[in-house]
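S.K.: Dropping the structure in here first, questions after.
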Amino acid sequence: MANNQDVFQYSMSSNSAWAGYKAHQNPNFFPKLASGQWPQILWLGCSDSRCPETTILGLQPGDVFVHRNIANIISPTDINTSAVIEYAVMHLKVKHVVLPSRSSLTGCQGGGLPGGIQISDAVQGGDMGTQDLFERHAV
């Protein structure tokens, strides 16, 4: 960030410039977003600030329905995550559910998975923990 500017103030002015650029580049951009969302992908990702989904996928706002938490934890007892998955599948009719993995997740510790992914015992609660989901559905 330039000139020791406050990061929040910088982000607000940057957002304003981005919105102006997008509206000039494509006058239908914001009206289309306001009309609803029809993403084909549900992304169950990590809260890591270095991994903005649409940026790393080369997609646009509205293309990916996103749920983030520490270390991509999926627990059968988590009402929030369950609601996101149900809404995405039943109402948005997403075609793909993505649970990305990385070689190092600092939010997890304990037993190992392929690629160096670590899952703690706390994540394993319920009938099917994250490790089981990963092993059954990894592609």
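In case you wondered, yes, glycine gets a Cβ from its N, Cα and C as well.
I grabbed these lines from TrEMBL:
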- CYS46, ASP48: Zn(2+) binding site (BINDING)
S.K.: Out of CYS46, ASP48, give me whichever of these binding-site residues has the highest number of other Cβ atoms within 10 Å.
M.R.: CYS46
S.K.: Going by DSSP, is CYS46 (Zn(2+) binding site) part of a helix, a strand, or coil?
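M.R.: Note: CYS46 (Zn(2+) binding site) is in a strand by DSSP.
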